[in-house]
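Trainee: Provided herewith is a single structure, encoded as structure tokens, for subsequent inquiry.
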Number of protein chains: 2
Amino acid sequence: MGERSLIAAIEALLGAGGAPQVRNPRLVRWVGDDAAVVRARPFAVTSVDAMVDGVHFRSGRPGTSLADIGHRAVAGALSDLAAMGAEAGEVYVALGAPEGFTAEDGLALVGGMEALCARTGAVIAGGDVTRAPALFLSVTVVGWAEDAAVLLTRDGARPGDLVGLTGPLGASAAGLALLDGRVDAASAGIAPDVAAALVAAHLRPEPRLREGVALARLGLRAGIDVSDGLATDAGHLAARSGMALALDLQAVPLAPGVGDVARALGEDPREFAVTGGEDYELCVCAAPALTSAARDAGVTTWIGGVDAAGPDGPGVHFSGRPAGAPPLSGFEHPVR
Amino acid sequence: MGERSLIAAIEALLGAGGAPQVRNPRLVRWVGDDAAVVRARPFAVTSVDAMVDGVHFRSGRPGTSLADIGHRAVAGALSDLAAMGAEAGEVYVALGAPEGFTAEDGLALVGGMEALCARTGAVIAGGDVTRAPALFLSVTVVGWAEDAAVLLTRDGARPGDLVGLTGPLGASAAGLALLDGRVDAASAGIAPDVAAALVAAHLRPEPRLREGVALARLGLRAGIDVSDGLATDAGHLAARSGMALALDLQAVPLAPGVGDVARALGEDPREFAVTGGEDYELCVCAAPALTSAARDAGVTTWIGGVDAAGPDGPGVHFSGRPAGAPPLSGFEHPVR
């Protein structure tokens, strides 16, 4: 199919026939011009996330729909805005369509994106479609902030801060193990509804946009989203802040069923949870005076604290592990 | 090579070690956080352009460097900002790197982008790198405007406007024919410096950013960049404006050597020029009172005028063609 008929089908889905401000009051121009025009606010917060078939997802895997793939690509990008505490704005999508990719496929993919956008206040405002040897998506998200000082950053952790999470970890990695058939839910004693929730956590992660904005407004200054695994992501906070993060592995909350999946894989449940990626919970640092309000704003669990870096320099130390255990680390997108 | 070492090499090239405002005063945060933070102006103008090896370029073709490919991907996206009359702002690049793509390759590619950005006031402010089955680039460019009413659009053409171009056409398509070896410069009687200029026009097109901004400020309201061939792009202006564009084919200016290349291919030089793509000149419409100032702002040639659409509806009519000749049209990115 030609690029133009695929583009036409997607534009029809997005309501491109109507006036831009009907689609979203921020939009001044979009489809039909050389570029989208959007009402800005004082600071633009922008992130790009590219996902490729065979690297970040498998389009042909049973149980994974194109709507899931679309959702997940946008969720991963929006999660970067959540990690900054920015409000979601516009989404721009470059789609590489392989041989045999139909207009129906395009509608399913973009439908998954559009549903997530509608729920989070984001709006697909433009993009590009091209032929490609394999399906890829490059998602650019733009968020907005009134004040660049009221954002979460990776270098804002201070000695005495508590380190918190907005939810349990491990669900995405556990869901992937179930999807891949590396673990059989029934044999592992996992109830069908619990297994379904784990799979959904992998395929349809929810970016913590509301929590990110609330925590930034509250006065928190350090945060990151758990995309590469807490061990890796907390390491970024530590390195950029020049701090030592002391985390209690046993305090890390696990989503239901994660323990069963980890044990079926022969892994320690909490080590599995902090090295698995793409939970998209936020890991934030809060001054002690803010912890109670931070809990109201979405932090569910405190897992450790921030210290000035010692002679070993900045880093993350997990307590609650066997003596001499090797360092934990996250992953760098293996093919799966 | 791993994604991280490739990213590290690119970040070093871009000066990621320094403070963001040293790189560019608009930048508040970039590398090292989950998203870039940029000082905004009232309206954001955003376009996305994806280019894929084997579809939009051929990475292995003799005479084409990775720096050329990087330049061309960014130039194509910036040209959309020129077409709107927006000032260039930030560039975000998603890079899909195939097996065997080295840090040196990444530096060459991004170096080509960076040199163009430096010349046009744009700044690479973020991006993503991933493994991919073939090299691809998805470039998101953000421009800025003080007033959304002071922009060029596709629906702004009015009866009585003159239609102008910011430069000659056909050079990019002619350069591609030379690069591909479909035409031999010497046999076609093309001097080496003329041939080199044609090849450069294809590999290193220059977006007409300065001209676009000047023409929008002057009061012109309709414009498009010639990316798919004038026949196609003028058709977009006509359709979106609901107008009939009457263009004089013989008035279309040709870059030096284009006639020789077209004749060597057995094609009419001007038909070749208006159906070839990627010249990235601007095609604009100007009220008669503005034509003199528009010439000072970068229009080199008037090629026709705008009428109210007749009974056949909106469209483009080229005069100066043989009676009964089939309609002209541009191209939809054949593999080349």
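Counting begins at 1 with the first residue displayed.
Including glycine, each Cβ sits where the backbone N, Cα and C put it.
Bear in mind that the values here come from a model prediction, so they are computed numbers and not experimental data.
Here's the feature list from TrEMBL:
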type	residues	note
BINDING	A:Asp34, A:Ser47, A:Asp80	Mg(2+) 4 binding site
BINDING	A:Asp34, A:Asp80, A:Asp225	Mg(2+) 3 binding site
BINDING	A:Asp49, A:Asp80	Mg(2+) 2 binding site
BINDING	A:Asp49, A:Asp128	Mg(2+) 1 binding site
BINDING	A:His56, A:Glu278, A:Phe331	substrate binding site
BINDING	A:Gly127, A:Asp128, A:Arg154, A:Ser227	ATP binding site
BINDING	A:Asp228	Mg(2+) 5 binding site
DOMAIN	A:32-144	domain 'PurM-like N-terminal'
DOMAIN	A:158-299	domain 'PurM-like C-terminal'
Trainee: Among the binding-site residues listed here (A:Ser47, A:Ser227), identify the one with the smallest other-Cβ count within 10 Å.
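Mentor: It is A:Ser227 that, of the binding-site residues A:Ser47, A:Ser227, has the fewest other Cβ atoms within 10 Å.
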Trainee: Would you identify the secondary structure of A:Asp80 (Mg(2+) 4 binding site) according to DSSP, in three states?
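Mentor: The residue in question, A:Asp80 (Mg(2+) 4 binding site), is helix (DSSP, three-state).
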Trainee: Of the residues in the domain 'PurM-like N-terminal' (A:32-144), how many are helix, strand and coil by DSSP?
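Mentor: Helix/strand/coil tally for the domain 'PurM-like N-terminal' (A:32-144): 37 helix, 46 strand, 30 coil.
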Trainee: Cα-Cα, whole number of Å: A:Asp128 (Mg(2+) 1 binding site) versus A:Asp49 (Mg(2+) 2 binding site)?
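Mentor: That comes out at 15 Å between the alpha carbons.
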Trainee: By DSSP, what is the split of the domain 'PurM-like C-terminal' (A:158-299) into helix, strand and coil residues?
Mentor: 69 helix, 21 strand, 52 coil
Trainee: I want to check the contact list for A:Gly127 (ATP binding site): same chain, sequence separation of six or more, C-beta distance under 8 angstroms. What comes out?
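Mentor: When sequence neighbours closer than 6 are ignored, A:Gly127 (ATP binding site) has A:Tyr92, A:Val93, A:Ala94, A:Leu95 within Cβ distance under 8 Å.
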Trainee: Near A:Arg154 (ATP binding site), how many other Cβ atoms are within 10 Å of its Cβ?
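Mentor: Cβ-Cβ neighbours of A:Arg154 (ATP binding site) within 10 Å number 21.
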Trainee: Give the distance between the Cα atoms of A:Glu278 (substrate binding site) and A:Asp225 (Mg(2+) 3 binding site), rounded to the nearest whole Å.
Mentor: 9
Trainee: Out of A:Asp34, A:Asp80, A:Ser227, the binding-site residues in the record, which is closest to A:Asp49 (Mg(2+) 2 binding site) when you go by Cα distance?
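Mentor: Considering only the listed binding-site residues, the nearest one is A:Asp80.
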Trainee: Of the binding-site residues A:Asp34, A:Ser47, A:His56, A:Asp80, A:Arg154, which one sits closest to A:Asp225 (Mg(2+) 3 binding site) when you measure Cα to Cα?
Mentor: A:Asp80
Trainee: Across the record's ATP-binding residues A:Gly127, A:Asp128, A:Arg154, A:Ser227, the largest CA-CA distance in angstrom?
Mentor: 31
Trainee: Cβ under 8 Å from chain B: which of the binding-site residues A:Ser47, A:Asp80, A:Arg154, A:Asp228, A:Glu278 qualify?
Mentor: A:Ser47, A:Asp80, A:Arg154
Trainee: Provide, as an integer number of angstrom, the distance between the C-alpha atoms of A:Arg154 (ATP binding site) and A:Asp34 (Mg(2+) 4 binding site).
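Mentor: Cα of A:Arg154 (ATP binding site) to Cα of A:Asp34 (Mg(2+) 4 binding site) measures 35 Å after rounding.
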Trainee: How far is it from A:Asp80 (Mg(2+) 4 binding site) to A:Ser227 (ATP binding site), counting Cα to Cα, in Å?
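Mentor: About 9 Å separates the two Cα atoms.
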